[in-house]
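One structure below.
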């Protein structure tokens, strides 16, 4: 379906070029696509490591996986970050802090939920003190499954977020 839409658009652009020698497009669409492309290539995640998933998150920044080559640079301050990676078990006491940090991030902001505990409570799902998924506190864009998920899985989640931003899906806020 998406490929057919792409082919139709390509034919319309080529026909316009053949008829007039140039292509006319809506300037706002062009600017939006350039902005989405640039945002996808310069993600600055803020780590919110709560448990063992945070160790795997650290591996992605090391030389073997090297997130820098994708334009991803970890930030310590929420005011400098546009992506929050929630990694690990979120307790009821930590939930207000998570929300406060999320609110301090500038728009557009995205959230990656990493690991079974962040996705749905994981091993501690039935504990009275555990939030059963960080999506109950903040809106989540990408879920990375696993206990703990591998560094490759997080890398794939980041690449999926980049593609979501480029496509400009309505589910992605601010894109």
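Any Cβ shown, glycine's included, is placed from N, Cα and C.
Here's what Swiss-Prot has on this protein:
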BINDING   52, 53, 117, 147  [4Fe-4S] cluster binding site
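The structure, with features from Swiss-Prot marked on it.
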residue	record	Cβ within 10 Å
52	[4Fe-4S] cluster binding site	15
53	[4Fe-4S] cluster binding site	27
117	[4Fe-4S] cluster binding site	29
147	[4Fe-4S] cluster binding site	12
Env. residues of [4Fe-4S] cluster site, Cβ within 8 Å of mean position of 52, 53, 117, 147 Cβ: 51, 87, 88, 89, 114, 115, 116, 118, 122, 146, 148, 149
Three-state secondary structure, residue 117 ([4Fe-4S] cluster binding site) (per DSSP): helix
